[in-house]
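Enquirer: The active site, proton acceptor feature in TrEMBL is assigned to A:Lys206. Positions annotated as NAD(+) binding site by TrEMBL: A:Gly10, A:Ser11, A:Gly12, A:Cys13, A:Trp14, A:Gly15, A:Phe98, A:Ala155, A:Arg270, A:Gln306. Residues or ranges marked as substrate binding site by TrEMBL: A:Lys121, A:Arg270, A:Asn271. Sequence annotations record features per position, and here TrEMBL assigns domain 'Glycerol-3-phosphate dehydrogenase NAD-dependent N-terminal' to A:6-175. Annotation comment: TrEMBL describes A:196-347 as domain 'Glycerol-3-phosphate dehydrogenase NAD-dependent C-terminal'.
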Number of protein chains: 2
Amino acid sequence: MVGKRVALIGSGCWGSAIAKIVGLNVLHQPELFEKEVLMYVYEEIIDGAKLTDIINVEHENVKYLPDIKISPNVIAVPDVVQACNNADILIFVLPHQFVKETCMKMASAVKPGALGLSLIKGFVLTEGEGIQLVSNIIKDTLNIETAVLMGANLATEVASEMFCETTIACHNEEHHDILSKLFQTPYFRVKVIKNVAGVESCGALKNVVGIGAGIVDGLGYGDNTKAAVIRLGLMEMMKFTKVFLDSEDNSVFFESCGIADLVATCHGGRNRLLGEAVVKSMKLRGWAGVDIRLLEKEILRGQSFQGPLIAKEIFTYLKDHDMLDQFPLFVAIHRICTREVDPRNFIECLRDHPEHMN
Amino acid sequence: MVGKRVALIGSGCWGSAIAKIVGLNVLHQPELFEKEVLMYVYEEIIDGAKLTDIINVEHENVKYLPDIKISPNVIAVPDVVQACNNADILIFVLPHQFVKETCMKMASAVKPGALGLSLIKGFVLTEGEGIQLVSNIIKDTLNIETAVLMGANLATEVASEMFCETTIACHNEEHHDILSKLFQTPYFRVKVIKNVAGVESCGALKNVVGIGAGIVDGLGYGDNTKAAVIRLGLMEMMKFTKVFLDSEDNSVFFESCGIADLVATCHGGRNRLLGEAVVKSMKLRGWAGVDIRLLEKEILRGQSFQGPLIAKEIFTYLKDHDMLDQFPLFVAIHRICTREVDPRNFIECLRDHPEHMN
């Protein structure tokens, strides 16, 4: 048996943390995997040098995950077609708005029978077609089976080897073992299940709730209020998933991708930071001074907040299906991001939540 | 129709916060409730004055909930028999180790047909009989129907009127409306369901997980690890509830008493503080210097940590049923509290959790 060749499509903070894990795991299991892992890096110039060159010399993504060494068998390449060439397992870890165009570039180069694995949080919104799962876009564009990996995995903590769990979902049980072996480490505990769409839905929706948690933090509320936002958010995540996927399977919400990722996101996530910053920014600069693009520049050093985009995708779906009144938390968060609602009125939007009707 | 007479049995921090809500709600609904609410207070002398006298003059529980005014129609009495005399609704809010002896004192004085409502977190462990639900002890000792109220309700935040939710459970649907009206306010949102035992089990078990969350905080882990502890704790809560109550109903874990209370407890609760203090105390004073009684004195000004007692109750049940290996988190926390396991080994106990078996 020849070892599987693995490629990484994407190299942000999370992509680099995953590159660290995957790089070492393929090295330690030569009977299962090829040693070389190509990693597609969107080329940038950092202090006059190419980011790919820096990564390949210093074995560190100095821009998005500084101070963390990536195994030298992970090779950064600026060409996505080169990266995916001959790969058996393609790990996608890009901002969700770039997935479709990236897949279209790759389409002719992907090996038939390859397995995709998406770590991407969000939906793809196409004018006239509504929202679609990222894994379906990958599957349909590349004609490959696509699994997902989601969990309570704040990237910098994973990179620091702090104990955590994750959830992989793959329809085909034959791939469960190899996926587990590609990612499992003593500090990164993998559970593999089958419900791909359910896991992916959790991973997208929790980012919206994270903004809500940040808003209550910014407003000075305590742990009870935040717990209520997390629970009401979870209820809306479950209801949305049920309607959107036509699925009654709630077990996925008990996995790491569900409640655990939601809790981590609402306490240490990037979108929580955004919610808090929106309130603080409003206090400092007034309502007209709140600008999400500006906050991204100030807080994220070039990374983006995925939450507002996802909130818009959900809002569009709910509006099209005439269901806005059943999702007051999602709707309020979208409208706060678009400055239609003052964040100080957030709690008012939750007071008579459908969940409180006896 | 004559208004219902309400009594409070207990007056700690949570009892006083509830007294504030109930006192105003009975006052504002004279068609439903009698104005006077007697509150049983375990008498203490504070700076030479009786605590009951202080509460009745200053309308404030200066020891357990300072700076929060309680409505003057709530009258503190030091005699539990007097407190419950002629009451239609008895609200129990005592440390769980005192519930049995208190009920025995009250037995002859309780009005037939009265409704009990327990806010008490924990089980009652009787030598030779194993553990029982507090609501069953109240029900059997007083021969009254007993409901429960549990939720993400850190007492000081409720007293400060920060928005939150709670869960009431009562078998008899006829009481649902009156219970909702007794507790609901614009900031305290009540959902009434029927699964009394499930709600009560959540309320007890989350305190044990809270200690675990404190331990990972003390050890310096981040949000991923804490989310994993919360999720693994939730899984053990669900499995324990299933075995202990012989119930397949998981819906209760999605209520405020379930996931929301667990999250609030693991971030702002008293037992989280204990877990963190155990680790810090060990770092400062060495293993021999860790003393939970001492930490109660230092941190809680006379209140008690309920978590270690509950961990012991659960441990006893699991040992008796030969199930210790299925609950590594509960077992590790109990053994850390009893100093059989070093808290620095806590994560090691979780690394091969049954939940991670694929």
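Think of each number as a place in line: the chain as shown, counted from 1.
Even glycines carry a Cβ here, placed using N, Cα and C.
Those TrEMBL annotations? Automatic predictions, nothing curated.
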Enquirer: Fewest other CB within 10 angstroms, which one of the binding-site residues A:Trp14, A:Phe98?
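Expert: Selected from the binding-site residues A:Trp14, A:Phe98 on minimum Cβ neighbours within 10 Å: A:Phe98.
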Enquirer: In the structure shown, with every protein chain counted, which of the binding-site residues A:Arg270, A:Asn271 has the densest set of Cβ atoms within 10 angstroms of its Cβ?
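Expert: Neighbour-count leader: A:Asn271.
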Enquirer: Show me the subset of A:Gly10, A:Gly12, A:Trp14, A:Phe98, A:Arg270 whose Cα is within 10 Å of A:Lys121 (substrate binding site); these are the binding-site residues I mean.
Expert: none
Enquirer: Using a 10 Å radius around each Cβ and counting other Cβ atoms from all shown chains, which of the binding-site residues A:Gly10, A:Gly12 yields the largest count?
Expert: A:Gly10
Enquirer: Select one residue from A:Lys121, A:Lys206: among these recorded positions, choose the one with the most other Cβ atoms within 10 Å of its Cβ.
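Expert: Neighbour-count leader: A:Lys206.
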Enquirer: Summarise the model's confidence over the domain 'Glycerol-3-phosphate dehydrogenase NAD-dependent N-terminal' (A:6-175) as a mean pLDDT value.
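Expert: Summarising the domain 'Glycerol-3-phosphate dehydrogenase NAD-dependent N-terminal' (A:6-175) by its mean pLDDT gives 96.
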Enquirer: Applying the rule Cβ within 8 Å of the centroid of the Cβ atoms of A:Lys121, A:Arg270, A:Asn271, what extra residues of the same chain belong around the substrate site?
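Expert: What remains near the Cβ centre is A:Asn207, A:Gly210, A:Thr265, A:Gly269, A:Phe305, A:Gln306, A:Gly307.
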Enquirer: Quick check: of the binding-site residues listed here (A:Gly10, A:Gly12, A:Trp14, A:Arg270, A:Asn271), which one has the Cα closest to that of A:Lys206 (active site, proton acceptor)?
Expert: A:Asn271
Enquirer: Could you check what DSSP calls A:Lys121 (substrate binding site) once collapsed to helix, strand or coil?
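Expert: Note: A:Lys121 (substrate binding site) is coil by DSSP, not helix or strand.
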